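Before anything else, here's the structure in question.
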């Protein structure tokens, strides 16, 4: 589905033709990105200056229909021209930079997966691809229905010239939605890489659950007791050179008793057998740890990967974040006016004017379509943020378990501590947003619903009966 969207984006001039190749013909790459906007501006000026083809200039279009058509057309012009200008700005440079960085990240992830011997990665990838393709299939069906409804109605009205009013009615919203589709794809790729890092970190966490630290026991009091209980061999010699046999036998019994007591004291100190299966060597004061395949060696690479993916998120947000602002604004206006037309006009005089019904349903269809796209954008941005936070939580959990590799080597502990501290700064520095005007998360839905409710309370108080009666729609 993403390949279909990319080819369609190239055809309508939203992305360069050879976006993944650095050395190509510049004119060929950006030809469609200049031809299609020029054609759109020509259709827009033709309708507004000639007053011949536009829907709002037909005799059968009443005042409410004209107002709706003008608003839909001018709002679409604002949306399309804005996203086109932003698309021309470093568009090809972004694709080349994104693909290069993503290739480096994937190479390191594959190396870490080989070290960790993760055989379940393919199953998770397949499960994720099903939801991924289902989302794109749903969007394709929604847009197909919206375009079919608009093209069919315009063809019945204008015949073979229907493509001219189509360029100023549904085409801008289609182009804006495709740009958001590109944003959705890139954010989903970033979210997948965060998921892969979390799987590798979770494997280290699971290994830390079953393996304890190779602690060296340094108990000063116990060592002191050992030294006090250690008896050096004593040779008792009589002053006259004769050895007392009774004292030597008594000394041997005392040394045997003290040796047994010392062994019992050392057994009391040995608590590792109750906790794990590691073997403690009291002669060398070390633990002989079980050998096996461990993946803690991936930690430095995983921390670097996390920073690289966050940097890739910043680049992606810098490219598509400004284009979210006009799209969300158009979605907000179309949704509010669509609800107003449906409740105050269509419920009262529905079916009495074909053009008015067409404009009302066009608002409703595109308001639903743009809201679906906006919701998917917000959902994927939230998922990417949550996956990045989950990495820090897993590292914290590993640190709390005090695994062997962390306590035996200060390098791992310092890196984990630096990673969690650095992520706190990242969390305050970056979040997917629309040029800093709003955050692309679920709080944006609450803000827009609150604002829409306030506007609808005012709009729904207008009395449309007089206007509809003057237009002959009400008796």
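For all residues, glycine too, the Cβ spot is worked out from N, Cα and C.
Okay, these came from TrEMBL:
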TRANSMEM  27-47  transmembrane segment
TRANSMEM  67-89  transmembrane segment
TRANSMEM  130-149  transmembrane segment
TRANSMEM  155-175  transmembrane segment
REGION    253-281  region 'Disordered'
COMPBIAS  265-281  compositional bias 'Acidic residues'
TRANSMEM  324-341  transmembrane segment
TRANSMEM  361-381  transmembrane segment
Apart from its near flanks, which chain residues at least 6 from the ends of the transmembrane segment (324-341) lie with a Cβ under 8 angstroms of it?
64, 68, 71-72, 75-76, 78-79, 82-83, 173, 176-177, 179-180, 183, 359-360, 363-364, 366-367, 370-371, 373-374, 377, 434-435, 437-438, 440, 444, 448, 451-452, 455-456, 459-460
Between 27-47, 130-149, 155-175, 361-381, who has the most Cβ pairs under 8 Å to the transmembrane segment (67-89)?
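Per the Cβ under 8 Å count, 155-175.
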Under 8 angstroms, Cβ to Cβ: which one of 27-47, 155-175, 361-381 has the largest number of such pairs with the transmembrane segment (130-149)?
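Checked against 27-47, 155-175, 361-381; highest Cβ contact count belongs to 361-381.
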